[in-house]
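For reference, the structure is listed below as structure tokens.
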Amino acid sequence: MENAANYTRRILKGGAKAHKSLGQNFLMDDRVIEAIAAASIKDPEIPVVEIGPGLGVLTRVLAQKAQKVWAVELDRGKVNLLQRELQGLPVDILNMDALKLDLKDIWGTGKGVLVGNLPYYITSPLLMHFLEQKDSLASMVVMVQKEVADRLVAKPGGKDYGILSIAAQVSAQGEKLFEVPPQAFWPAPKVTSAVVRFELRSYPGFRVKEKDFFRVVKAAFSQRRKTLGNSLAGGLGLPKQQIGEILAAAGVDEQRRAETLSIDEFQAVTEAVMKNLD
């Protein structure tokens, strides 16, 4: 197989361009590509969907390891290129916005693997979109900005811990696998990237409605520099005294800050909030 650097140069000489508006940075490092594919494909019979295939350098390798790959690409010009370059491989190319993709439309009630070098300008919306479809996924292996990767796997008490950390960890067990330097791409981004692998699962002992849970979490982080009592009062539109009673019932000090609470503590607060509102 033609190596990634030569493949990319050949296609770029043919007139293909990276569109900044779509956050396109093309991966050219074979070692990184192989590492992502190896982390993604544990069972060749499990279907794979790739988000943002770009020029297809990773898609080619995924298609050698998996029996079926769906590549989701918004850029119509890249779709035509992919159809030409990937001819003969077990790849279906979907010209659509990944934020509108329902995985059940691809593999029904089964589970598959999601892989992607996610466009940095819509990383969080994409992650949230697919985490909400956790029942359709066995795992995800995604490349994101290093700072986003750190947030995804952050633990309570650190500056990186926030809504995205909690959303990811409620739905999956995540691990940052390795970092990827800017020179692995063309054009080179201004930031270091990182690859994160998620094993999708239900959070052990999760006992509240996710809608209620995330309403409380978002309210708690709505004024990050303030105490939990003040943030929840403002975010939920409830009197400060009532919030104090709610937090006392949950066993949580109202002087703490949102970034110090574990998922289990947020569950306790959610339960207390909902009982108070009934």
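Glycine too: its Cβ is placed from the backbone N, Cα and C atoms.
Database features (Swiss-Prot):
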BINDING   N25, L27, G52, E73, D97, N117  S-adenosyl-L-methionine binding site
Under 8 Å by Cβ from D97 (S-adenosyl-L-methionine binding site), counting only residues of that chain that are 6 or more apart: L74
Neighbour-count leader, CB within 10 A, binding-site residues: N25, N117: N117
Other CB atoms, at most 10 A from the CB of E73 (S-adenosyl-L-methionine binding site): 25
Among L27, G52, which are binding-site residues, the residue with the most C-beta atoms within 10 angstroms of its C-beta: G52
